[in-house]
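One structure is given here, and the rest of the page talks about it.
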Amino acid sequence: MNAGWNLLKKELAFGIRLFAAPKIYVWIVLILGALSVYLAHRFQTGAVSHIWLAVIYLHALSPSIFMLLSLRKEREHSPLWLQLPLPGWKLLLAKYAAAAAAFVAGLLTSSTLLLLTYTLEYPNRAQYLAGSVEQPFIENEFRLFLGFLQGKQMTLIIEFVSVSIGLSVTLVLMYLIAAAFQHRIGRWSWPAAVAIITAVTTLEYLFEESSAYRFLFGWGDIDVSGTDAVFFAVGHYVWFWINLAICFYVSSWLLDRMVEV
């Protein structure tokens, strides 16, 4: 337990240093926040709140970027798992935990700035809420975020987090497959890894279009009317997380037996 906790703390510190020193990172956030508030209040064009909305959606990529950069940096430093002899799943779990912490911190920061800049750029937003004027796209998104704060439409948050985690787990598996092939087929390791993941994804898609899939996982309908949701049933989540568990297991197996990261 102590070894795992020490590894997690090292991963958190390691993740911060991937981008900048902690003090520099804090200053960047403060400067961007102050600049955003000033521009939103001064010009009220709606551009600033749209930028922060885009940043929020781009956060879906942050766990993937964090994990891939962290694994890549391990090639340049003495691997942490050589210092702490833990099984692969614990080592990967520590990295995912650090990625999740960075994901949540960034998402909270950007969401706060979105809500703040939106209220400054749309001072007459009460008219939109009352439906007296045409609602812009940003207004619908603002309503969603207000709903999240009130505990509404939590299925969309669960879906957003699930897709983000799923993408990172898949890319980590692809990275480790390429690393396993590195000494066998050289520069063709990445094309081979992409081909394997593509083939498996295609087979999964064909299965998801079948009647067997609808019978096994088409239960537990979720009310996602009026949204662009991907998952429409609880069974879809079950299938999704089964896939993630398999990907995580294979990644851990590769890390333990085949890969020198």
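Each residue, glycine too, has its Cβ placed from N, Cα and C.
Curation plays no part in TrEMBL annotations; they are all automatic predictions.
As recorded in TrEMBL, the features of this protein are as follows:
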TRANSMEM  12-39  transmembrane segment
TRANSMEM  51-71  transmembrane segment
TRANSMEM  92-116  transmembrane segment
TRANSMEM  156-181  transmembrane segment
TRANSMEM  188-207  transmembrane segment
TRANSMEM  237-255  transmembrane segment
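Contact between the transmembrane segment (51-71) and the transmembrane segment (156-181) is supported by 3 or more Cβ pairs under 8 Å, counting only residues 6 or more apart in sequence.
Within the chain carrying the transmembrane segment (92-116), a Cβ under 8 angstroms from the stretch's Cβ atoms is held by residues 4, 7-8, 11-12, 14-15, 29, 32-33, 36-37, 40, 49, 52-53, 55-56, 59, 62-63, 66-67, 70-71, 142, 145, 164-165, 168, 172, 248, 251-252, 255, all 6 or more beyond its ends.
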